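Visitor: This is the feature table in TrEMBL:
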- 57-339: domain 'G-protein coupled receptors family 1 profile' (DOMAIN)
- 45-66: transmembrane segment (TRANSMEM)
- 78-97: transmembrane segment (TRANSMEM)
- 130-150: transmembrane segment (TRANSMEM)
- 171-191: transmembrane segment (TRANSMEM)
- 220-247: transmembrane segment (TRANSMEM)
- 281-301: transmembrane segment (TRANSMEM)
Amino acid sequence: MDIVFTSSVPTVCQYSADLNISFPFPHDPSLNSTASSPLSPPSYAISYFTMTLGALSNLTALVILSKSYTRFHRRAKTPFLLLAVALLLTDLAGHLLTGSFGLYLHLGRVRRQRATARAIDPPQAFCKMFGAFMVFFGLTPLLLGCAMAVERCRGITQSLQHSAVVTTAHVRLCLLLLFTVACTFAALPLLGVGSYKLQFPGTWCFLPVRGSLSTADVSLALAFSGLGLVALAVSVFCNTVSGLTLLQARCSNQDLKQTTSRRHRSSSPLQSLDMEMMAQLAVINVVSCVCWSPFLIYITISVRQFFKGHFRSDEEYDKPLLLALRMASWNQILDPWVYILLRRAVLCRVCSLLQPKRAILSQNNSCIGLERQEIRLH
């Protein structure tokens with residue numbers, strides 16, 4: 001998955017040893033080493049720190065969501081929480097599995113280089129498994145983010161139908177379908193449709209995006225990037241519709257007469273819960289777009305140019321691809337912080353700092369009718 005960041009590539013590659021081996025997409029901390037140059041022991045401090053930070057962040061967010069699930073069990077927020085938990089579990093698994101594969105591959109590569117004075121490619125079976133994990137844990141979060149956006153859009157714009165259509169059983173069926181799609185896509189090269197190849201700088205495996213590409217390779221690469229971009233586009237559209245609907249409802253409430261103020265106060269928990277979920281979903285969408293769009297767009301450009309016979313030097317493709325890969329990897333580290341920081345308690349505290357008097361009144365009204373009104377949320 002590539003991106004055109006050619007202007008910043010020299011600087012990034014110059015300090016590549018100091019950048020993280022971002023997970024789930026690791027990179028080689030010693031990009032400038034060659035077969036003939038002496039190998040200096042690479043520093044893994046940042047890599048271990050990144051892996052630990054991502055794991056702890058996802059675990060913390062899972063604890064927070066598990067408490068919310070217990071609190072809102074059998075209520076309208078349950079479908080959203082199930083999807084959010086599935087997203088965090090996927091991020092955590094991808095973070096640990098592909099990160100471990102990357103570290104193992106890099107350590108083995110360094111040992112083999114020191115022993116033979118030349119680089120040796122990993123076994124093909126290892127590369128295929130690594131590539132399958134990369135594709136699965138890259139595609140699944142995008143699909144889950146799209147499903148979350150669709151669920152919230154349906155709940156906000158068609159609240160009466162939401163409780164009947166979007167049930168816990170339906171959400172679990174949707175999760176099974178999404179995981180099956182991602183798993184099937186990742187398994188195609190293992191079944192002989194397309195292939196996985198070692199990528200620059202020799203520490204990760206993925207679908208081939210340059211060089212001599214077969215029709216199957218081109219189809220899989222374009223399908224991966226296309227499906228990811230479609231998922232991001234649907235998420236943006238649904239979040240925009242949901243946000244505009246909530247904004248319209250808020251403006252309508254401000255125009256209510258004084259006689260309806262009591263009804264407005266009693267519905268504040270409903271609105272605050274909607275706003276909490278929309279804030280989380282909007283930030284997740286922004287993070288996904290920033291992290292993944294370069295990766296997906298550049299892979300499309302690279303595959304199309306090579307397939308049409310427009311070749312450039314490997315360096316012009318490899319280094320931007322690696323940079324885009326690092327950007328995409330941070331999506332799994334940033335996702336859990338959305339649920340850690342954008343909780344209702346944190347949002348209320350921020351509001352109290354910005355508008356103390358109004359925030360206190362709103363919080364009191366929310367606490368009074370919270371348990372009575374949350375069950376009506378769709």
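Glycine too: its Cβ is placed from the backbone N, Cα and C atoms.
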Visitor: What stretch, picked from 45-66, 78-97, 130-150, 220-247, has the most CB pairs under 8 A with the transmembrane segment (171-191)?
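Guide: By Cβ pairs under 8 Å, 130-150 leads among 45-66, 78-97, 130-150, 220-247.
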Visitor: For the transmembrane segment (220-247), I need the partner stretch with the highest count of C-beta pairs below 8 angstroms, choosing only from 45-66, 78-97, 130-150.
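Guide: Comparing 45-66, 78-97, 130-150 against the transmembrane segment (220-247), the winner is 130-150.
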Visitor: Are there residues at least 6 beyond the ends of the transmembrane segment (130-150) whose Cβ is under 8 Å from a Cβ of it, and what are they?
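Guide: Distant Cβ neighbours of the transmembrane segment (130-150) are 1, 24-25, 80, 83-84, 86-87, 90-91, 93-94, 97-98, 101-102, 105, 122, 174-175, 178-179, 181-183, 185-187, 189-190, 196-197, 204-207, 224, 227-228, 231-232, 234-235, 238-239, 242, 281, 284-285, 288, 292, 328, 331-332, 335.
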Visitor: Check the domain 'G-protein coupled receptors family 1 profile' (57-339) for me and report the mean pLDDT.
Guide: 85
